[in-house]
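Taken from Swiss-Prot, the feature 4-CDP-2-C-methyl-D-erythritol 2-phosphate binding site covers D237, V238, H239, H263, S264, D285, I286, G287, T361, T362, T363, E364, F368, R371. Here Swiss-Prot flags D237, H239, H271 as divalent metal cation binding site, drawing on sequence analysis. Per Swiss-Prot, region '2-C-methyl-D-erythritol 2,4-cyclodiphosphate synthase' is recorded for 231-391, and the stated evidence type is sequence analysis. Here Swiss-Prot flags R15, K22, H263, T362 as site 'Transition state stabilizer'. Annotation comment: Swiss-Prot describes R153, K210 as site 'Positions MEP for the nucleophilic attack', evidence class sequence analysis.
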Amino acid sequence: MACAVLIVAAGRGTRAGGAVPKQYHRLGGESVLRRTLLRFAECAAIDVIQVVTHPDDAPLYEQAVAGLTKVLPQVAGGATRQQSVRAGLEALAAYGPERVLVQDGARPFTPPEVIARAIAALDGNTAAIPVLPVTDTIKHVDAAGHVTGTVDRAMLRAVQTPQAFRFAELLAAHRAAADARVADLTDDASVMEWAGHTVATFAGDSENVKLTSAEDLARAARMLADLPDVRTGTGFDVHAFGPGDHVMLGGVAIPFDRGLDGHSDADVGLHALTDAVLGALADGDIGAHFPPSDPQWKGATSDRFLAFAIERVRERGGIVAHLDLTLICEAPKVGPHRDAIRAEIARICDLPLGRVSVKATTTEKLGFTGRREGIAAMASATIRLPLEIGA
């Protein structure tokens, strides 16, 4: 096995406050720990993930790891971080990884680039840690709170996780420290330093913050709120031809020797777009909001349906990023009306024309559209919503 990850999540997180440990606080609908896990589960270079937890957190932990296939059975942590890491390493020994990354459970924003740099840093090194330059001035302060001097920060670095190690060497160092009753080492690089190994460094990232206090959690919530929740919905609709002298497509009346049968004006294009927008919102479908059993929608113009769906997006503080519509029929010919359809959809939705795409195709005379029995449409809608922050 090439690379394992050991995530330390056994702490109680008392400084963060709240009813649950900090690693189980929810950010954007997911726990901090799950967000941390996902960063590594999505990395192809990671084979397995071992999480060290507190026994009292079992129900919370099961929610955090639900559906994640790389995660091994949890291991109970010890009284200190050093003991917890040792327990996780002993459990991983059965899998024989060549490399191991040790990560804080409350560090949910680790960029993929940092993970890649951690793994690569072990090419030629036994231990490597992500660091950042110290930008604040550092002062020595005595017990009375008085400044006694200024530290030269040129050679100082702030240390993050994931810290990267050759697995066998890290396990041996932890065992040796335990045998020597050395129990005050605050990170795994310190354990390796104590054991006589050289620890290399690589670039960390300012976004790779550890959440320790209630203020950290609030800051993380604000950071997530600034990120858009991008969603895509799809829609599909079909209407058969019936008596008439025109068809409504995308809000445009196109002269034809037949019409389209439907409870409303049977605008197959606008119906598909409406369902696509509602689908992106997870807000039902056109039939749920405008049931054909309701006589008030008999003969209704379908621009009302699409405008309603667009307004639902805006009520939630979102925007429509793009609408894409494909009309499927042998006749009438859509090409001569394409620009008018795009313009009408843009008008209904109050969107720039560049955010609306309209295409047409045939089924090469196959199926009901090929037999000129009706028209089909499929659509997609991309929307951006503010990310909802969970409790």
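Using the three backbone atoms N, Cα and C, a Cβ is placed for every residue, glycine included.
Comparing Cα positions, T362 (site 'Transition state stabilizer') lies closest to F368 out of the binding-site residues D237, S264, H271, F368.
In the three-state DSSP reading, I286 (4-CDP-2-C-methyl-D-erythritol 2-phosphate binding site) counts as helix. Cα spacing between H271 (divalent metal cation binding site) and D237 (4-CDP-2-C-methyl-D-erythritol 2-phosphate binding site): 6 Å, rounded to the nearest whole number. Looking only at the recorded sites K22, R153, K210, H263, the one with its C-alpha closest to T361 (4-CDP-2-C-methyl-D-erythritol 2-phosphate binding site) is H263.
Listed in sequence order, H271, T274, D275, L278, F305 are the same-chain residues six or more apart from I286 (4-CDP-2-C-methyl-D-erythritol 2-phosphate binding site) with CB atoms under 8 A from its CB. Mean pLDDT of the predicted structure over the region '2-C-methyl-D-erythritol 2,4-cyclodiphosphate synthase' (231-391): 92. On a Cα basis, R153 (site 'Positions MEP for the nucleophilic attack') lies 72 Å away from S264 (4-CDP-2-C-methyl-D-erythritol 2-phosphate binding site). In the three-state DSSP scheme, K210 (site 'Positions MEP for the nucleophilic attack') falls into the coil class. Nearest Cα neighbour of K210 (site 'Positions MEP for the nucleophilic attack') among the listed binding-site residues (D237, H239, T363, F368): D237.
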